[in-house]
Amino acid sequence: MPIATPEIYAEMLRRAKENSYAFPAINCTSSETVNAAIKGFADAGSDGIIQFSTGGAEFASGLGVKDMVTGAVALAKFTHTIAAKYPINVALHTDHCPKDKLDSYVRPLLAISARRVATGKDPLFGSHMWDGSAIPIDENLAIAQDLLKDAAAAKIILEVEIGVVGGEEDGVAGEINEKLYTTPKDFVKTIDALGAGEHGKYLLAATFGNVHGVYKPGNVKLRPDILAEGQKVAAAKLSQSEGSKPFDFVFHGGSGSEKSEIEEALRYGVVKMNVDTDTQYAFTRPVSGHMFTNYDGVLKVDGDVGNKKVYDPRSYLKKAEASMTERVLEACNDLRCAGKSVAAS
């Protein structure tokens, strides 16, 4: 299918929240990782989200360019082309963008989509993330208000983070402390600033102990109940009935999470879960195995000529792609979106 239109993306998220499942959002940095993600979604019979971080986009533009917007646009256009060959929907998103990179990443990408929409086309991306977790929440939400207006005009969903995700991702670091837990006051401020969709659709990355990177279970205390409290506070603020879920939540830093924690988060309105560390490992593991197994072929040892069949990048990148595809399929099963593609109904 072509990349998910704004209407299809909204329908994907609506069904996910209504039926307590979520979509894996897979960080990609290359054509190989994009191919792996899309095939994983298709093998699961699931729709999915592909996203590019600032660092991933810059990497994709190559050492001679090193420009985030160029890389993001190139990856997006590649994804548009490949996704059209598969029978599922893929939404395009950009990951964490802090304040100092807004003018060199998200805002230029919003402008590109605005120009497309003005000519009757769909936006290049379906959603963008603004990460204001490093600044005071009032400033964070003020910037979010401005971005939400521009995003809505371009038929784009905005993702906003309140609280701090611990660990580090692409240079965006968060300390592991009490700020890992979003407060009821933060949820109220978000509703006051951004509303409940009337000013434009947004996703909320509220924090409940999440940490980027790899950690052993038990080192960080995940508290999905914070999401339940956030929905309760927001519903009361909006005079909605008990049990309503005004927020569409995003689960960041989920590597190493227990299945039970994921399932609990889904019940409280998580519709998108970022997956990066686990798919990075899945991609790299067979490459390292290939190198160790074929070391005397990938290297020209003692004057020998090596073995072209094993140092041809395709020989190990195919293995990497297949392994990452399996991990994406696993994520779809964990998040209960397998077999639920909007395209199939």
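Each Cβ is built from the backbone N, Cα and C atoms, and glycine gets one as well.
As recorded in Swiss-Prot:
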- Ser53: D-glyceraldehyde 3-phosphate binding site (BINDING)
- Asp95: active site, proton donor (ACT_SITE)
- His96, His212, His252: Zn(2+) 1 binding site (BINDING)
- Asp131, Glu161: Zn(2+) 2 binding site (BINDING)
- Gly213, Gly253, Gly254, Ser255, Asn274, Val275, Asp276, Thr277: dihydroxyacetone phosphate binding site (BINDING)
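Recorded residues Asn274 (dihydroxyacetone phosphate binding site) and Asp131 (Zn(2+) 2 binding site) have their alpha carbons 14 Å apart, per Cα-Cα distance. His96 (Zn(2+) 1 binding site) has Asp131 as its nearest neighbour among the binding-site residues Asp131, Gly253, Gly254, Ser255, going by CA to CA distance. Proximity note: of the listed recorded positions (Asp95, Asp131, Glu161), none has a CA within 10 Å of the CA of Asp276 (dihydroxyacetone phosphate binding site).
The two recorded residues, Glu161 (Zn(2+) 2 binding site) and Gly253 (dihydroxyacetone phosphate binding site), show a Cα separation of 12 Å. Local packing around the binding-site residues Gly253, Gly254 was summarised as the count of other Cβ atoms within 10 Å of each Cβ; on this measure the leading residue is Gly253. Burial estimate for the binding-site residues (His96, His252): highest at His252, by number of other CB atoms within 10 Å. Residue pair Ser53 (D-glyceraldehyde 3-phosphate binding site) / the residue listed as 'active site, proton donor' shows a Cα separation of 5 Å. All protein chains shown were included, and the count of other CB atoms within 10 Å of the CB of Asn274 (dihydroxyacetone phosphate binding site) stands at 28. Gly254 (dihydroxyacetone phosphate binding site) sits 15 Å from the residue listed as 'active site, proton donor', taking the CA atoms of both as reference points. DSSP classifies Asn274 (dihydroxyacetone phosphate binding site) as strand under the three-state reduction. Geometry remark: His252 (Zn(2+) 1 binding site) versus Val275 (dihydroxyacetone phosphate binding site), CA distance 8 Å.
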